[in-house]
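Chemist: Got a structure here, written out as structure tokens. Questions coming.
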Amino acid sequence: MTALPPRQAFPQGFLFGAATSSYQIEGHGFGGAGPTHWDTFAATPGNVKGAETGARACDHYHRWAEDLDLVAAAGFDSYRFSTSWARVLPEGRGAVNAEGLDFYDRLVDGLLERGLKPALTLYHWELPAALSDLGGWRNRDVAQWFGDFTRIIAQRLGDRLWSVAPINEPWCVGWLSHFLGLHAPGLRDIRATARAMHHLCLAHGTAIGVLRAEGVSNLGAVCNFEYALPAEDTPECHAATRRYDAIFNRFFIEAMFLGRYPEEVLEGFAPHLPKGWEQDFPTITAPLDWFGINYYTAKRIAPAPGPWPGTAERPGPLPQTALGWEICPEGLSHLLIRLRRDYTGTTPLYITENGMAAEDRLRDGRCLDADRIAYLAAHLQACRAAIAAGVPLAGYYAWSLLDNYEWAEGYSGRFGLVHVDFESLQRTPKASYHAVRKALER
Ligand code: FCB
């Protein structure tokens, strides 16, 4: 069986962590959290497998201490988690749910007691339904609403956080949710998409400004990237790949680091962006202390008939995960080298998510997820290759600590190092968890 490269194979101080997010594990039905756009999206037929929701999820809300013990016992240095906006502000604005804020307070203390660095993401997709009613990410006011939420978190937790990123994977919040309609709020509208994507940038920059003003340090961003390749070596495929890549891989990082949007995206977005968008770049380019990369897969791109962007995905030749995502570790080293060269320079980079879904089952109380060990090993080797090529990569977070609510896939996409029985909620560390523990020994 493949072994994971040990801690000693990475530079001194390289950080290892496990990642989760609030709606996917906590149990949003507990503790006075307000309704979110995910609850209503899931309640609409055809959006989520089995119409499942995060109402109970892993019940991390009550079992957090046991879960943090698992993080610590694996030898991780850090834990990446998120705060639910609707748990803290059930209406999105106004009255704070004290119970919700207390929960995150206990969680952060629990991390510090276990010697773990708390790496917070402020928003991982559970927009309060009351704000969705007002247009959600399409409404420019969302940047201020998000700034106000950020201030509440900063004032309560800011003195004990190790790092903060405002928004997880803005591409998913913008494009996947407003153009492809596959995530909440499930729109398929280019104008909604252009405005949501711009407001995501503005909200990101606004939150960074609030955090700095509140004295919180070590601030970054977390974006997702795919290794985009032409399905065939034709000029049409290359052109389609450039458009796909500009939307997926360049839009947000280019805005944050270079203060502009890619030409290839403006071809489609220009008529739909809100008036005066160019004037927001001073806010959007607020300096960052680090940049986080979520990486899972490669995509083969071909042209498609119809309006902009005219791209289609084709199946590729490499082995796939249980969700049909091609496994392509070299895409990770390629992206790291490219992003450092084109955007981030000397800014420290982190892999903030990486992992795979498998149809994991318990047999005699054990889960032998050899495929996941091989996946993690190959991607950690890709990290080492990038470091050897001069990329200032400073850490790696595995997605995910626990099997959890995989959004539109419901509970079917198991990504955990720890198996969760969604009936009994019992946690069972998989073989991959034990492999990680061995690799992280000092
Ligand atoms: C990422 C999300 C995370 C999880 C993984 C599999 O896009 O950030 O919540 O769903 O994919």
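Cβ coordinates are placed from backbone N, Cα and C, and glycine is handled just like the others.
Whatever TrEMBL says is automated annotation, not expert-curated.
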Chemist: Please pick, from H124, H334, the residue that TrEMBL records in the substrate site together with Q24, N168, Y296, W399, E406, W407.
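Modeler: The candidate from H124, H334 that TrEMBL ties to substrate along with Q24, N168, Y296, W399, E406, W407 is H124.
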Chemist: Assuming the binding residues for substrate are exactly those in the record, Q24, H124, N168, Y296, W399, E406, W407, what is the maximum CA-CA distance in angstrom, rounded?
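Modeler: If we measure all Cα pairs in Q24, H124, N168, Y296, W399, E406, W407, the largest is 18 Å.
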Chemist: Could you give the Cα-Cα distance between W407 (substrate binding site) and E169 (active site, proton donor), in whole Å?
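Modeler: Taking the Cα atoms only, W407 (substrate binding site) lies 14 Å from E169 (active site, proton donor).
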